[in-house]
Amino acid sequence: MLYKGDTLYLDWLEDGIAELVFDAPGSVNKLDTATVASLGEAIGVLEQQSDLKGLLLRSNKAAFIVGADITEFLSLFLVPEEQLSQWLHFANSVFNRLEDLPVPTIAAVNGYALGGGCECVLATDYRLATPDLRIGLPETKLGIMPGFGGSVRMPRMLGADSALEIIAAGKDVGADQALKIGLVDGVVKAEKLVEGAIAILRQAINGDLDWKAKRQPKLEPLKLSKIEAAMSFTIAKGMVAQTAGKHYPAPITAVKTIEAAARFGREEALNLENKSFVPLAHTNEARALVGIFLNDQYVKGKAKKLTKDVETPKQAAVLGAGIMGGGIAYQSAWKGVPVVMKDINDKSLTLGMTEAAKLLNKQLERGKIDGLKLAGVISTIHPTLDYAGFDRVDVVVEAVVENPKVKKAVLAETEQKVRPDTVLASNTSTIPISELANALERPENFCGMHFFNPVHRMPLVEIIRGEKSSDETIAKVVAWASKMGKTPIVVNDCPGFFVNRVLFPYFAGFSQLLRDGAGFRKIDKVMEKQFGWPMGPAYLLDVVGIDTAHHAQAVMAAGFPQRMQKDYRDAIDALFDANRFGQKNGLGFWRYKEDSKGKPKKEEDVVVDDLLAKVSQPKRDFSEEEIIARMMIPMVNEVVRCLEEGIIATPAEADMALVYGLGFPPFHGGAFRWLDTLGSAKYLDMAQQYQHLGPLYEVPEGLRNKARHNEPYYPPVEPARPVGDLKTA
């Protein structure tokens with residue numbers, strides 16, 4: 001053994017060939033600060049071996065290196081800029097020394113090689129991969145950019161266009177694509193990986209492969225003519241501006257850095273990467289996006305822990321076909337859980353099956369599946385007008401009309417047709433689960449399972465625990481949701497549960513703004529362009545459906561009359577009475593026409609102005625700051641109340657539900673992350689300016705206490721140790 005660290009070791013293989021093996025104590029390898037330091041020590045040992053002829057890098061895990069240790073990021077991002085820059089210089093010196101070894105090097109890459117893992121293998125001369133490879137640089141999705149030389153080496157290896165596509169979008173690619181663009185040199189079966197890598201090394205050692213020529217371009221300026229450079233970088237900047245926008249500075253910074261570094265060799269190019277990385281790491285956007293990643297890991301870990309003792313349902317059923325039922329059936333079947341889909345109407349069944357088939361055909365068109373796979377999946381969805389097969393299902397989700405009487409009748413009837421241990425769930429969006437449970441003989445086997453539309457795209461499923469829902473029931477439904485590829489978050493029961501309960505105060509803020517003379521077009525523009533929502537409130541209401549919102553608004557008002565009961569006729573009422581139901585009938589706040597792809601495209605419709613004038617004061621202008629404050633305060637206050645009342649368990653789960661269920665702007669990180677960034681005292685000052693608008697603007701006492709003591713909702717993070725300590729971590 002030449003070297004043994006906590007996460008890697010170095011040993012001789014044969015005849016002057018050494019192997020450096022990543023083998024962390026956990027289930028995966030991460031390139032954390034300790035591993036970077038250990039890698040530097042191992043390379044120091046290699047530099048002393050006069051008989052070294054070649055080096056093989058490999059992993060003892062199912063994945064090579066999944067990336068940097070993101071749990072370290074928030075503390076690293078608090079380190080002063082100069083210290084962070086010094087540590088990056090140290091880390092890059094490690095990879096430079098790996099790249100500069102006077103012998104050929106190869107990485108045998110299996111599974112994931114992401115972020116720092118990808119940057120590590122870019123420093124070797126050759127890369128041999130297995131078919132399960134996923135390799136790339138996802139840093140821009142975390143609000144930063146590659147910091148271990150990825151933005152320098154990848155463009156010089158692949159060319160500017162391919163590298164920009166991966167780096168700016170934070171993409172990873174599979175084995176075939178990686179081979180095609182030159183990111184790896186070959187793909188072999190897993191059992192042949194080490195053998196194949198040694199064979200390539202031998203060819204390089206023997207002079208059959210010119211490893212020095214392979215290495216040289218990574219040390220030099222990017223080979224690109226002025227015209228080629230102008231085209232590549234102009235197109236890339238245009239694409240990034242269009243897709244990322246101003247709220248996500250990392251992608252455009254990465255592109256500009258690669259452009260600026262193109263005319264320099266490795267050392268100066270790495271200095272430019274360093275100078276760009278450090279300011280990005282200190283942005284609120286980076287902290288928020290890293291926070292989302294960590295919250296996602298927390299939520300998924302909680303679901304995994306909750307379901308460790310239950311069996312995932314093997315057969316499911318959906319009550320109520322149509323678009324929603326068909327979407328749920330598709331998602332379950334697509335992920336391997338067969339479904340019985342029942343409806344009382346043949347047309348609805350046809351609609352549900354058509355929806356499932358349409359979604360499968362999209363997969364076929366994209367080349368994700370072949371005709372055989374399509375036929376296989378669709379054959380596991382069984383449409384029926386009766387209860388045939390319900391005696392074999394493990395879980396049933398009801399997705400009929402949003403009417404408590406209808407839902408109770410359907411659920412009570414279904415309970416008599418299934419096994420005593422079968423779990424029933426309702427896809428209601430607003431009706432309290434405990435109320436629906438009153439119709440059942442076995443309420444302990446019942447809970448809520450709130451999907452979001454469109455089911456195949458929206459990652460969140462709210463799992464609602466009723467007063468009598470058993471732990472086993474919740475666990476089984478969480479297991480099914482996880483199997484479907486969704487992110488389940490368990491909430492306690494109340495009208496609207498969590499997501500809709502906090503959404504409707506936001507809509508109420510919108511209605512009050514309109515009533516006071518604000519224009520919905522400006523509100524939409526401000527909330528989209530300035531705050532960063534994917535849709536403004538008017539557009540979102542049109543997508544949800546004005547009729548759906550009108551009904552849900554009444555349910556929420558009955559559930560929370562003190563805050564959500566209104567004593568005036570609002571814009572939603574006016575549009576509902578005029579039969580303007582939104583996208584579903586082409587008329588809402590906006591008018592909708594289908595584009596060439598059959599998708600609804602919004603257009604101006606001056607008719608709506610006359611309707612709104614009847615429920616609004618004369619038009620007046622509102623500042624962007626006032627619009628954002630009046631829209632967000634009711635939502636944030638309600639989010640805080642839900643935490644204080646135990647409807648949602650943690651700030652992390654609340655923020656993920658908002659991001660995954662409503663599209664809360666990820667660069668803000670969710671309501672609690674936004675609050676912490678703004679500061680609770682500053683938020684309180686802002687909210688008090690609008691408390692005259694009514695109870696929705698009254699800040700909950702718990703938040704007032706936070707403001708008094710200057711306490712955040714997320715645990716405070718301590719800065720990482722000084723750079724000198726980090727080197728020897």
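Using the three backbone atoms N, Cα and C, a Cβ is placed for every residue, glycine included.
Swiss-Prot lists His450 with the feature active site, for 3-hydroxyacyl-CoA dehydrogenase activity. Sequence annotations record features per position, and here Swiss-Prot assigns substrate binding site to Asp296, Asn500, Tyr660. Per Swiss-Prot, the feature NAD(+) binding site maps to Met324, Asp343, Val400, Val401, Glu402, Lys407, Ser429, Asn453. What Swiss-Prot records for 1-189 is region 'Enoyl-CoA hydratase/isomerase'. As annotated by Swiss-Prot, region '3-hydroxyacyl-CoA dehydrogenase' applies to 311-729. Taken from Swiss-Prot, the feature region 'Disordered' covers 708-729. Sequence annotations record features per position, and here Swiss-Prot assigns site 'Important for catalytic activity' to Glu119, Glu139 based on sequence analysis.
Reduced to three states, the DSSP call for Val401 (NAD(+) binding site) is coil. Reduced to three states, the DSSP call for Asn453 (NAD(+) binding site) is coil. In this structure, Ser429 (NAD(+) binding site) belongs to neither helix nor strand by DSSP; it is coil. Reported as a whole number, the C-alpha separation between Tyr660 (substrate binding site) and Asn453 (NAD(+) binding site) equals 12 Å.
Taking the Cα of Asp296 (substrate binding site) as the reference point, the closest of the recorded positions Glu119, Met324, Asp343, Val400, Asn453 is Asn453. For Glu402 (NAD(+) binding site) paired with Glu119 (site 'Important for catalytic activity'), the C-alpha to C-alpha distance reads 52 Å. Here NAD(+) is bound by Met324, Asp343, Val400, Val401, Glu402, Lys407, Ser429, Asn453 per the record. The longest Cα to Cα distance in that group is 19 Å. Of all the Cβ atoms in the protein chains shown, 24 others lie within 10 Å of the Cβ of Val400 (NAD(+) binding site).
Ranking the recorded positions Met324, Asp343, Val400, His450, Asn453 by the distance of their Cα atoms from the Cα of Glu139 (site 'Important for catalytic activity') places Asn453 first. Maximum C-alpha to C-alpha distance over the listed substrate-binding residues Asp296, Asn500, Tyr660 is 21 Å. Distance noted between the C-alpha atoms of Val401 (NAD(+) binding site) and Glu119 (site 'Important for catalytic activity') is 52 Å. Annotation note: Asn500 (substrate binding site) sits in a helical segment as assigned by DSSP.
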